[in-house]
Amino acid sequence: MTEAARNIAARETTVRISEIFGPTIQGEGPLIGLPTVFVRTGGCDYRCSWCDTLHAVDSEYRDTWKPMSVEAIWQEVLGLSGGMPLTVSLSGGNPAIQPLGTLIAKGQGEGYRFALETQGSIAKDWFADLDHLVLSPKPPSSGMETDWQAFEDCLAAAGDGPQVALKVVIFDDADYAYAKAASARFPHLPVYLQPGNHTPPPPDDDDARVDIDGVMDRMLWLVEKISEDRWFSARVLPQLHVLLWGNKRGV
């Protein structure tokens, strides 16, 4: 696509946006600690029981999701980053619902990198253009069922383009067993285990209390589990932003 065509697409393509914020650090997964601007889209095809971003998921909050052109989104990213290239995290909800290919192309043309996390339920051809793709299938505690064919479709769509990682949120033994099975199914993917936050915020209260002690107890349990099982390829990482700021939004 020529630069002129990209500019036209940027003006004409509309994305539902829940919030854009940063720069801050990526709080979880393989890019943890990396300076990042977040573009959070609105809408999701899942309803996980412990979702911590219901304001970007529940259709009750649809009126707060702002339809924005790619050009308008990009101007916000540029303003937040001061025009200095960094990583842009595309999140949600499920960002795979939205038409993000034009945004990725525009940003990469200016030296920015793009990462996306999704549950792996919807494959898009523009996955191949990402720099990082984190596939985070939802374990039994979420109340959702995993469509492994759709997950494999996401891997196929990504091809050899982005660095791909597997991340699973863990609350209990059933989730742990699910993560081990998923890792065995896709042994070529680096795997990250994240202790679940059992005190996620209500969508209208980002100051809700977090049981940090409970989350850290779960993390210690996870460390002990992988050590006992000799699962030495797994990495256990917390949600760093939760440890720093609790359930506060926009950080």
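Going from the start of the chain as shown, residues are counted 1 onward.
Using the three backbone atoms N, Cα and C, a Cβ is placed for every residue, glycine included.
Remember, predicted model here, so these are calculated numbers, not experimental data.
The following features are taken from Swiss-Prot:
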BINDING   I25, Q26, G27, R40, S91  substrate binding site
BINDING   C44, C48, C51  [4Fe-4S] cluster binding site
BINDING   T53  Mg(2+) binding site
BINDING   G93, S136, P137, K138  S-adenosyl-L-methionine binding site
DOMAIN    31-247  domain 'Radical SAM core'
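Taking each Cβ in turn and tallying the other Cβ atoms within 10 Å, the top scorer among the binding-site residues I25, C44, C48 is C44. Secondary structure from DSSP puts R40 (substrate binding site) in a beta strand. Across the fold, the C-alpha of I25 (substrate binding site) and the C-alpha of T53 (Mg(2+) binding site) stand 17 Å from each other. For the substrate site listed in the record, the two most distant Cα atoms among I25, Q26, G27, R40, S91 lie 15 Å apart. For the binding-site residues Q26, C44, C48, S91, a Cα to Cα distance of within 10 angstroms from K138 (S-adenosyl-L-methionine binding site) holds for C48. Taking the Cβ of G93 (S-adenosyl-L-methionine binding site) as reference, residues of its chain lying under 8 Å away and at least six apart in sequence are, in sequence order, S18, R40, T41, G42, G43, C44, T53, A56, V57.
Note on proximity: of the binding-site residues Q26, G27, S136, the one nearest C51 ([4Fe-4S] cluster binding site) is S136, by Cα distance.
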